Amino acid sequence: LGDVPGTSGAIFVARPESNHPDRFGLFGAPPLEEGYVVLVGDRGLKRFPPPSEFLLSVWNRSRAARLVCCSIVLCCLCLTVFLYLSENMGQAVTTPLSLTLDHWKDVERTAHNLSVEVRKRRWVTFCSAEWPTFNVGWPRDGTFNPDIITQVKIKVFSPGPHGHPDQVPYIVTWEAIAVDPPPWVRPFVHPKPPLSLPPSAPSLPPEPPLSTPPQSSLYPALTSPLNTKPRPQVLPDSGGPLIDLLTEDPPPYRDPGPPSPDGNGDSGEVAPTEGAPDPSPMVSRLRGRKEPPVADSTTSQAFPLRLGGNGQYQYWPFSSSDLYNWKNNNPSFSEDPAKLTALIESVLLTHQPTWDDCQQLLGTLLTGEEKQRVLLEARKAVRGEDGRPTQLPNDINDAFPLERPDWDYNTQRGRNHLVHYRQLLLAGLQNAGRSPTNLAKVKGITQGPNESPSAFLERLKEAYRRYTPYDPEDPGQETNVAMSFIWQSAPDIGRKLERLEDLKSKTLGDLVREAEKIFNKRETPEEREERIRRETEEKEERRRAEDVQREKERDRRRHREMSKLLATVVSGQRQDRQGGERRRPQLDHDQCAYCKEKGHWARDCPKKPRGPRGPRPQASLLTLDD
C-alpha cells in the first residue's frame with residue numbers, strides 16, 4: 001500500500017459496520033470483523049486514547065469487567081488472611097493453665113463437688129507464681145502430672161508455719177481434675193505406666209524430682225532468671241564402704257575383694273582369716289547393708305538404733321549424705337531457729353541417735369557458739385527429784401554429760417538415759433532459739449496486702465515464740481494472741497472483726513474463720529476501681545447539690561435582710577410624720593394656724609401669701625431595686 005500515491009503514512013482503523021451503540025466486544029472494546037477496514041490518509045488520521053484511558057473506559061462501560069476485578073481483589077484478600085491465620089495458629093500453645101481457664105465453669109463445678117470454692121485470679125496466681133517456688137518441678141503453666149501434683153499437695157498440707165492452708169482448695173481441685181479428667185483434659189493427661197513385675201533384687205531409692213518441667217510439647221520453654229540462687233545438691237545415699245568410727249584400729253583397712261561377675265553383692269565380701277579379731281559393729285553394719293532385710297523386721301534401716309531379727313539392737317550411724325543434705329537444705333540456727341529445731345526434733349524422734357550421734361549432729365548443723373549455747377540451756381533444764389531445776393553438778397552430769405558416758409543401748413537403763421538426754425537436748429534447742437523479750441518485734445508483724453489470715457497467724461505465733469517467753473499454743477495466752485491478730489490484721493479485716501457480736505466469747509479459731517471469709521470476699525482491683533469511681537461521682541453530685549442549696553440560702557437571706565431594711569425605713573418615716581404632728585402646739589378655736597394670732601383663721605390670714613397653689617409633693621418609697 002505504500003506504493004499507492006497519497007497513502008504514505010496511512011494506518012488501518014477498525015470501524016464497526018453498524019453504528020448501533022450497544023454493540024461492543026470483550027470488556028467494551030469495539031469488535032474487529034472482516035470487511036470493516038477503512039484506509040485513511042494523513043488528513044483523516046484520528047488519534048487513539050492511551051491504554052490507561054482505555055482501561056477506564058472499559059471499567060465505566062462494562063459491568064462484567066467490574067465484577068471480574070472485584071472478584072480477583074476479594075480472592076487475593078481472602079488468601080492473605082488465610083495464610084496469616086494459618087501461620088499464627090501454628091504458633092499457639094495450649095497449656096494446662098490456659099485449658100482450665102477456657103473451661104472455668106467445669107473447674108468451678110469440680111470444686112463445688114468437693115465442697116470448696118476457688119477463684120480465677122487466685123487460681124492463676126498460685127499456679128504461675130506460688131507453686132513453682134516449691135522446687136518440686138511445677139511449671140508456671142501448670143501440669144497434669146500426678147507425681148508433681150502430689151509433691152505440691154504435700155507442701156501445701158505441711159503442718160506448722162511451712163504449710164499453706166489457703167491453697168488447699170486449689171490444689172485439691174487441680175488433683176481432682178488430673179485424677180478424674182473431664183473430656184477436655186484427657187488428651188493432655190500423662191498415660192499411666194504399665195504395671196511391672198516386682199524386682200528380684202532390692203532396687204535403689206527413687207531419684208528426687210527434678211526442678212525443671214518435663215519435656216513435652218504441652219509446655220512452653222521457660223527461661224530461668226539470671227540471678228537465681230543455685231539449689232544445694234542433694235547427695236544420694238552412698239552404697240560404698242564406710243569408715244568404722246567405733247573401731248580403734250588405725251587405717252589402712254583391708255581392701256574389699258573384687259566384685260563377682262554376676263553382680264551379687266555377697267561375693268564381694270572378704271572372708272575373715274583365721275586369727276583375725278572379731279568384726280566390729282561397723283563391719284557388721286557394712287555386711288548387713290548388702291544383705292536383704294530380715295523378714296520380721298519392721299523398723300527402718302536408716303535408724304542409728306534398730307531392733308534386729310535376733311532381738312538385739314544394731315547400731316546404724318548417720319551417713320555423710322544425710323548430714324550434708326540436712327545442713328545445706330535448711331537455714332542456719334541463727335537465721336531460723338524454729339525450722340532447724342523442728343528438723344533436729346524429727347531426727348531425734350525417728351532415728352533414736354546415741355550420744356555420739358547427737359554430738360555429730362550438733363557439730364554439723366550448729367556453729368561452735370550455737371552449740372555451746374544449746375548445751376548450756378539443756379543443762380539448765382535438768383530437774384531434780386522434786387521436779388524443779390537443780391543446781392547440783394552430779395545430777396546435771398548424770399543426766400546431761402559433756403563427755404562420752406558409758407550408756408549401753410542394749411540395756412533398758414542405757415536406753416532410758418538416751419531418751420532423757422534427747423529430751424533435755426530438745427529443751428536446750430528451744431530455749432536457745434528464743435531471742436530476748438521484745439514486744440515491739442511482735443507488734444511489728446502485720447498482715448500483708450495479699451497474705452491469707454492463716455499464714456499471718458503462723459507468722460504471729462512464730463514471733464511470739466521467738467521474741468517472748470510465752471507459748472502461743474498455751475490456752476492462757478490465747479486472748480493475747482487473739483487481740484494481736486485483730487489489731488495487726490489488714491485494716492479492712494480488723495475493722496470487721498472488731499464489730500463482731502459477742503467478741504469476747506470468740507475463740508482464736510473462730511476469728512481465723514471469720515477473717516478467711518472476709519479475705520475471700522475481698523473486691524478485685526476492677527471492682528475497687530469501679531467503687532472508687534462511683535463514690536467520686538456521688539461525691540461530686542453531692543457537692544454540686546450543696547453548692548446550689550447554699551446559693552439559694554444565701555439569696556433567701558439577702559432578700560430577708562433587704563426586706564427588714566425596707567420595713568425599717570418606712571416605719572421610721574411614718575414615725576417622723578406622726579411625731580411632727582404631735583409636736584404642733586394646740587390652737588384655740590379662734591387662733592390662726594399660720595400666724596398664730598387670734599381673731600381669724602388660717603384661710604383668712606392676711607399674712608398668708610395669695611397665689612396659685614403648687615402641686616403637693618409626693619412621698620417617696622424605697623424599693624428593692626433602690
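Count begins at 1; order follows the chain as displayed.
Each Cβ is built from the backbone N, Cα and C atoms, and glycine gets one as well.
For the residues N113, N450, the entry in Swiss-Prot flags N-linked glycosylation site at a single position: N113. Annotated range for zinc finger in Swiss-Prot, selecting from 140-157, 392-409, 590-607: 590-607. In terms of DSSP secondary structure, the compositional bias 'Basic and acidic residues' (522-554) contains 30 helix, 0 strand, 3 coil. The average per-residue pLDDT of the prediction over the topological domain 'Extracellular' (87-626) is 76, rounded to a whole number.
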